[in-house]
């Protein structure tokens, strides 16, 4: 396994600072237990509702469902650890846990559902919009592109291979539209959009500002539909998040350009603007730029951080569905922050160099990581080959900066 060898490499074993109580997202009551209801269902209840004795040698933490262990493990420095023992179980839960509720997520431009599992875990479901080998039409603007379910899955694994670990875990899943959405939804607006197509397939389209109409309906075969299931982060009432507008945000206009596209010295003013004037925020944003260029994502208008940790923490790389739309062309403008600032973390640069070598070739690593997903193959081969080409371009930009 190239992946196992990568995670054993010294560059992937640089220790994070010691995590103190204030560095944890949640401080947990060590006595709070969870147990299965006696009714035979697989629902979890807290110990305040069910008095149970723990098996010998077990701690209260052992009774938590995996999604809750994931939430409890988030700290100032990482969303999840490198060698996370929870990861295989968490991904399996996303793919197999019984769905008890499906409602449309409010906001956003395209249809997404929030699905709740029997163990109270929740996931964001993005349905399949196009096949693996379809490329985004060249005349599409980036802001009207489809969101792709397989891009969400691939982005999670790519982010992990780059050792950023800033995307919540994502798994592919085959969903039964009839039993796991239509029959159990309490969302009246969503329920009104279901129909049977002339081919006899179950379809729905929801309500949103793009692609929510009978012409863009999502149809099963006859009711089976692929999609991505992304672990939801803790509720914002429990862990507030701050949304930051990216300084290199695009204009989202058909003809206007953003300031950074017109001013080659734009980075100088960013460096003088909080929070980019101190700490590692600018370098973290350049990490995100590298991730976006590798997958061809032009749609990074905002990013988020956990409010508790202030400015000294990692960025959350959420909403990656517009990645992996094209493999035959690259978008150099995504690399503007790296090109204009000529800055990159040393650790990131060393890992990128490593991923350009034969034993740790990036495309091979991502192919191996995606092979375990229920919807494998997740990416068409040309997308994997494009990663190696784009990685070479990132290293070339850094090389020019070093020469300067």
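Cβ atoms are placed via backbone N, Cα and C, with glycine included.
If you look up TrEMBL, you'll see 110, 126, 147, 230, 231, 232, 233, 304, 319 marked as ATP binding site. Summarising the annotation, TrEMBL assigns Mn(2+) binding site to 147, 319. According to TrEMBL, the domain 'FAM20 C-terminal' annotation covers 194-403. The active site annotation in TrEMBL covers 299.
Non-local contacts of residue 231 (ATP binding site) by the CB criterion (under 8 A, 6+ apart in sequence, same chain) comprise 67, 70, 90, 94, 121, 123, 168, 169, 170.
Most Cβ neighbours within 10 Å, among the recorded positions 147, 299: 147 holds that distinction in the structure as shown. With respect to their backbone Cα atoms, residue 110 (ATP binding site) and residue 299 (active site) stand 14 Å from each other. Maximum C-alpha to C-alpha distance over the listed ATP-binding residues 110, 126, 147, 230, 231, 232, 233, 304, 319 is 20 Å. For residue 319 (ATP binding site), the same-chain residues lying six or more positions away in sequence with a CB closer than 8 A to its CB are 299. Every protein chain considered, the tally of other Cβ atoms within 10 Å of the Cβ of residue 110 (ATP binding site) stands at 20. On the 0 to 100 pLDDT scale, the domain 'FAM20 C-terminal' (194-403) averages 95 in the predicted structure. Residue 233 (ATP binding site) has a Cβ environment of 21 other Cβ atoms inside 10 Å.
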